[in-house]
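Trainee: Right, I'll just put the structure down here and ask away after.
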Amino acid sequence: MKHMSIRAEEISALIKQQIENYQSEIEVSDVGTVIQVGDGIARAHGLDNVMAGELVEFSNGVMGLAQNLEENNVGIIILGPYTEIREGDEVRRTGRIMQVPVGKELIGRVVNPLGQPVDGLGPINTTNTRPIESPAPGVMDRKSVHEPLQTGIKAIDALVPIGRGQRELIIGDRQTGKTAVALDTIINQKDEDMICIYVAIGQKESTVRNVVETLRKHGALEYTIVVTASASQPAPLLYLAPYAGVTMGEEFMYNGKHVLVVYDDLSKQAAAYRELSLLLRRPPGREAYPGDVFYLHSRLLERAAKLSDAKGGGSLTALPFIETQAGDVSAYIPTNVISITDGQIFLQSDLFFSGVRPAIDAGTSVSRVGGSAQIKAMSKVSGTLRLDLASYRELEAFAQFGSDLDKATQAKLNRGARTVEVLKQGLHKPLRVEKQVIILYALTRGFLDDIPVVDITRFEEEFHAWLDSNATDLLEEIRTTKKLADDDKFAAAINGFKKVFVASE
């Protein structure tokens, strides 16, 4: 075996080469220390360069959102269980602001405000995300509301019409049918090429389950996303839920689609935000809400819009809910949201308990922009409806005191009683707009004046079934032209049914 000589110069050259090629990868991350934790809030020291609204990560993997940037510490709201976080734990910056997954993969699913599925149907396969806080469309990016959003509820489509891109507040006490109005509207969007997002804020888990089952039963879950932050969730998730919902909707809006977002309800979001603000030691204002509670709702609802054609012509319609206490609409949060929205639908508990359902108060409900979105046929037949109802309510009060009424007053009372009956509607029975037009035409033109009040509901149900088999051409004409057909056609259809209708004894 030959003896191999090792030269010192070769070894030193190799070592020098290795040293020259050596690259040390140093990872620099901003790390802080938790100095206080409790009630879903943590304070951390050392995160000097953190951004407002930046996501931070605790050592146990729970995420947080930097909110209060103070001189010597940062107030963080914790987006998950905070009981595992201890004083002295490490917290590090992520360099990202909060984002949620978006896209058509979410349709038909139930998710939490972080976009994580909670329906047990496996993971959601989408890589697209959008920041949860984004600016609302600018003035030049918008277009005035001109397309109708048919709710399928006669009292709304006739008296307080809603257009695509509008913000219409639904306000009333608890147990007055607010959620039912929203669900009927979602169910009525079938075949309308509309994507619906139902955001449940602070609801009971059982209530959310019922909502999901109702949507599934009526085939509405195929075009609906449910975002839920139930009453058992920490306050930060209740605060973030509406923003998560609108962010998911914006993805479709900016792609030229039409979206309906229901926030059920914003009173609970405001209460959650008040809780967070007080725990972060922000100064309280009226009713202990922080000074920026108006901005909390305005920046959310301003993201609803009808986009200009240059931006794709998509729309996002918002139906925020506010729960009042004993009908007090002059409280802080109700007045704030009334001033932000383009109209409101008042639901009165007195009407609800007297059997008028949906319990819409026609006198105080308004739609500030929806009138221009109403189809011509509907605006023609519903023109006198509000006045008829208002004069009926007024005369009804006087009629209780006197029995001797002249014929004109008696006629108004009779027409008013029939109007109230026609505007009643069963739960989850939305009505197509062409059928609404025909029954309202019959009402306002006096065709129902000789039908007993007790028979009005039955007359309407049987009339709709009769139309489906005997007057499909008339329904199709209203659906396609969106205008009133010839008066003779209407009269022939209505009188044709009246001949076969049998009034009760």
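Yeah, the Cβs are placed from backbone N, Cα and C, and that goes for glycine too.
Not my notes, these are from Swiss-Prot:
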REGION    118-138  region 'Disordered'
BINDING   G172, D173, R174, Q175, T176, G177, K178, T179  ATP binding site
SITE      S365  site 'Required for activity'
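Explain the structural surroundings of these features, please.
Mentor: Break the region 'Disordered' (118-138) down by DSSP state and the numbers are 0 helix, 3 strand, 18 coil.
According to DSSP, T176 (ATP binding site) is assigned to coil rather than to any helix or strand.
Just so you know, the Cβ of S365 (site 'Required for activity') picks up 22 other Cβ atoms within 10 Å once every protein chain is counted.
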Trainee: Can you grab the distance from T176 (ATP binding site) over to S365 (site 'Required for activity')? Cα atoms, rounded to a whole Å.
Mentor: 15
Trainee: How long is the line from the C-alpha of K178 (ATP binding site) to the C-alpha of S365 (site 'Required for activity'), rounded to the nearest angstrom?
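Mentor: S365 (site 'Required for activity') has its Cα 14 Å from the Cα of K178 (ATP binding site).
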Trainee: Sorry to bug you, but what's the C-alpha spacing from S365 (site 'Required for activity') to T179 (ATP binding site), rounded to the closest Å?
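Mentor: One finds 17 Å between the Cα atoms of these residues.
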Trainee: Suppose we draw a 10 Å sphere around the Cβ of Q175 (ATP binding site). How many other Cβ atoms does it contain, all chains included?
Mentor: 12
Trainee: Count, for each of the binding-site residues R174, K178, the other C-beta atoms lying within 10 angstroms of its own C-beta, and report the residue with the smallest count.
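Mentor: Per-residue Cβ counts within 10 Å for the binding-site residues R174, K178 bottom out at R174.
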Trainee: Using C-alpha atoms only, work out the spacing between G172 (ATP binding site) and S365 (site 'Required for activity') and round it to an integer in Å.
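Mentor: G172 (ATP binding site) and S365 (site 'Required for activity') have their Cα atoms 11 Å apart.
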Trainee: For D173 (ATP binding site), what residues in its own chain, 6 or more apart in sequence, show a Cβ-Cβ distance under 8 Å?
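Mentor: Non-local contacts for D173 (ATP binding site): E323, T324, Q325, A326, G327, L347, S349.
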